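Taken from Swiss-Prot as is:
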- Lys107, Ser108, Thr109, Tyr110, Ala111, Arg112, Gln152, Tyr166, Gln176: dCTP binding site (BINDING)
- Glu133: active site, proton donor/acceptor (ACT_SITE)
Amino acid sequence: MGLKADNWIRKMALEHKMIEPFCEANIGKGVVSYGLSSYGYDIRVGREFKIFTNVNSTVVDPKNFVEENVVDFEGDVCIVPANSFALARTIEYFKMPDNVLAICLGKSTYARCGIIVNVTPFEPGFEGHITIEISNTTPLPAKIYANEGIAQVLFLQGDEKCDTTYKDKKGKYQAQTGITLPRILK
């Protein structure tokens with residue numbers, strides 16, 4: 001399994017629409033950087049957020065998630081409360097090849113501010129916007145800048161094609177758009 005370089009990422013984005021919209025340059029002046037890098041792609045966070053709240057005294061249950069757990073927010077800067085959590089989505093829409101797995105890691109700019117980003121792997125055959133989990137581990141409110149970089153995606157190409165892709169198994173988050181809350185298939 002090999003880590004893919006910028007030339008491969010560019011080709012897959014431009015010829016196979018693996019990343020849309022695709023930013024061929026790495027933009028970093030005056031913003032949290034985003035776009036193509038040497039061995040990855042820095043994704044941007046959109047303007048929509050779901051911020052966790054305790055206003056309704058609910059319990060977070062991944063098997064029975066309720067909308068009352070979150071407050072919707074849209075804007076250029078999202079303030080994540082101290083020791084709190086928010087969901088967001090990428091601006092980019094991904095179409096993963098059947099022999100490629102992507103791993104996403106948080107950006108050091110945010111990590112050095114106590115903001116941890118978690119994104120689960122993009123499985124072979126997955127298609128959709130990526131839901132981003134943002135955790136503010138500090139005792140202070142933290143700013144997240146929409147339309148700027150939030151994490152870096154690394155693409156790993158398998159030595160052979162898997163038997164069953166995410167699309168084949170009709171994954172529960174396949175073709176998701178916007179921020180997708182937890183789902184349990186019944």
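Using the three backbone atoms N, Cα and C, a Cβ is placed for every residue, glycine included.
Keep in mind it's a predicted model, so treat the numbers as computed, not measured.
On the structure: features taken from Swiss-Prot.
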residue: Lys107; record: dCTP binding site; DSSP (3 states): coil
residue: Glu133; record: active site, proton donor/acceptor; DSSP (3 states): strand
residue: Gln152; record: dCTP binding site; DSSP (3 states): strand
residue: Gln176; record: dCTP binding site; DSSP (3 states): strand
Among Thr109, Gln152, the one of these binding-site residues whose Cβ has the fewest neighbouring Cβ atoms within 10 Å: Thr109
Cα separation, the residue listed as 'active site, proton donor/acceptor' to Ala111 (dCTP binding site) (Å, whole number): 13
Alpha-carbon distance [the residue listed as 'active site, proton donor/acceptor'; Lys107 (dCTP binding site)] in Å: 13
Residues satisfying Cβ distance under 8 Å from Gln176 (dCTP binding site), sequence separation of at least 6: Gly128, His129, Thr131
Alpha-carbon distance [Glu133 (active site, proton donor/acceptor); Gln152 (dCTP binding site)] in Å: 14
Site extent for dCTP, whole Å (max Cα pair distance, Lys107, Ser108, Thr109, Tyr110, Ala111, Arg112, Gln152, Tyr166, Gln176): 34
